[in-house]
Amino acid sequence: MFARLFCWIMASALLIGAPRAWAEDGYDLWLRNVPADAAAAQQIGANARSIVGGTSPTLTIARQELQRGIAGLTGATVPLTATVQQGAILLQSAAQQDKPLVPTDGLGPDGYAIRTMTVVGKPVTVIAGATDVGVLHGAYAWLRLARTGAALDRIDMRSAPRIGLRLLNHWDNLDGTVERGYAGQSIWDWWRLPDYKGPRYTDYARANASLGINGTVLNNVNAKSDSLTAAYIAKAAALADLFRPYGIKVYLSVKWTAPMELDGLKSADPLDPAVAAWWKAKADEIYKAIPDFGGFLVKANSEGQPGPQDYKRTHADGANMLAAAVKPHGGIVMWRAFVYAHDNPDDRAKQAYSDFKPLDGQFADNVIVQVKNGAIDFQPREPFHPLFGAMPKTPLMMEFQITKEYLGQSTHLTYLGTLFEETLKSDTLAKGKGSTVAKVIDGSLEGHKLTGIAGVANIGVDRDWSGSIFNQADWYAFGRMAWDTDLTAEAVAREWAAQTFSPDPRVVAPIVAMMMGSREAAVDYMTPLGLAHIMGTGHHYGPAPWVSELARPEWNPVYYHKADKQGIGFDRTRTGSNATGQYAPALAKLLDNPKTTPERELLWFHHLPWDYRLQSGETLWDGLIHHYDRGVETVAAMQRDWAKLKPQVDAERFAQVETFLAIQHREAQWWRDACIAYFQSVSGRPLPAGSAAPAHPLDWYKALSFPYAPGHPK
Ligand code: BDP
């Protein structure tokens, strides 16, 4: 024992400050098992001398994760023992115990309890769950405590998610491309599935299970019918088999016209019995291969996708027909509310509500409507979607975008935890104060049992999975906040930084500070004061507020900012498009008045003169420019803060972040300059004192083109 400890201290000493034998390429995500400092290693070792219990596939994973984690952190090999000894970790699934040592009622199928206690006279740690998967989540939670340097000798915690479905949505195409993916090709190697199941799939499942993510939609919402052929069902089944012991179910996006494309049906009318019979048979076929298949995700009658409205039926008609097909198997249908139509002249921000609100109460009980966080499309900032709180009889699930289509794509450091928190904590006022979006989606506001939250994944085959080290934090934050919507973005950032870099407060504090200010910086240099959707056409990379000639009005940035000589902003008040009228009356009243509208959403709801006075006393024009300046300055400050971390961060990851921050700074400047050049060409106003003129004339920015920008479907 002593000798082992000595070797360990020697090994750790050599590792600290010395180059590591393996590359810090980000592959290990937040599950890095690297030597803890001596004191931390000592307490981990003292509280994990052996592991008792569990032989099921899931409990075996729990044990192996603990063994692997402890070995990495302390150098010790932890044995699996049959009897309880001092400092043991006991894995206890109520499903396999007559008399659980720790009560598991109220934990649900996924929750866990961890408690240090005395068993047969010996101090031990019990990790308990009502199910094996609950225990697995508990094992990951214990490892999180260990990796972040928390005390392990006095634990008494219980944690259960309030939201039932915590899902990733992959916008992955069958040809390996990823729509809005900036981390390389799809991780699903469809071509070589179902035979070849590379190690990445298991590591993917580990990463998700460590956060409590319990489902994954494998394919793009812009779905191809082929994913429902026998060959592709077999491929999906191979993935489902791998993910099952991790508590992760698979789901598929479906194309509405699949019965026509695959089997020559004449129609896809949801009320046509032949169509319903086709889907029923298809569901039966899927469940034969994947008995715990989760269900379907559907994008219908949106952006050119077919749907029930093509047959003059409603979204509810369509959803309910599919729901009936999966119902006997316990499946569900997630029906997306992201709809807007080319022939609807109404404000695009109003269209989802207009389509779906009248259907409240008409959906089958295994349908959940999936609503994006805002009414337009994953902008750097959007007010919460007015459907939240407006459909009391219908379960609504949240759709966040983890991939940063509009927030700097792969290179910008824009931590999304703050965006998630802002949305979840928004108060809909639907049933008085405190009717937060979080309470809508966790079902507590209206007493719904079916509850969910989805994040559009930022995962690809890049070694670091997410296109950058810091993008991993967005996947992490999504999973952690899906599990517990009360977690703050800051607490999550702290956990992530401690596990990803080092629990040393001198590392954690500055990294968290960078992360916490980063999304506001992007809002400032891209779309301050409630502006939205002024990015480049198609690829959505970079600024293009001048675009005005695309076929559909609502595709054009000018539609959104409405800047002219007099002022800027979209009038969505009672006297404008009346999108404010879609919010609860008490909130609508506030939003109808620019003085009681949060300034961060000002131009989303109001068209205001350039001389309008902001809270700071400056004019709207000057304030707008100052926001742009501030955004660029914040990125420069992030660069300086990161540079100071050089001694504490491994060279490889330090260099990536340093380079990406330089790109971000350059692009922030570009956003600022191009937007100011354009808005100035419209307003004709001078820049406030101290603000530099754009580096180039407007035409220079307009002439830029990006033919091979990633993530853009051709
Ligand atoms: C937009 C994306 C587009 C998606 C669409 C959707 O630009 O690629 O297909 O949303 O969510 O954000 O369906």
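Using the three backbone atoms N, Cα and C, a Cβ is placed for every residue, glycine included.
Any TrEMBL annotation is an automated prediction that lacks curation.
The active site, proton donor feature in TrEMBL is assigned to GLU303. According to TrEMBL, the feature active site, proton acceptor maps to ASP377, GLU405. The domain 'Alpha glucuronidase N-terminal' annotation in TrEMBL covers 29-142. What TrEMBL records for 148-465 is domain 'Glycosyl hydrolase family 67 catalytic'. Here TrEMBL flags 467-690 as domain 'Glycosyl hydrolase family 67 C-terminal'. Residues annotated as signal peptide in TrEMBL: 1-23.
TrEMBL feature annotations superimposed on the structure.
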residue : record                       : DSSP class
GLU303  : active site, proton donor    : coil
ASP377  : active site, proton acceptor : coil
GLU405  : active site, proton acceptor : coil
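Residues of the domain 'Alpha glucuronidase N-terminal' (29-142) grouped by DSSP class, helix first, strand second and coil last, total 41 helix, 27 strand, 46 coil.
Under a cutoff of 8 A between CB atoms, and with a sequence separation of 6+ in the same chain, the neighbours of ASP377 (active site, proton acceptor) are PHE338, TYR406, HIS533. For the pair formed by GLU303 (active site, proton donor) and GLU405 (active site, proton acceptor), distance between Cα atoms is given as 17 Å, rounded to the nearest Å. Least packed by the Cβ count within 10 Å, out of the active-site residues GLU303, GLU405, is GLU303.
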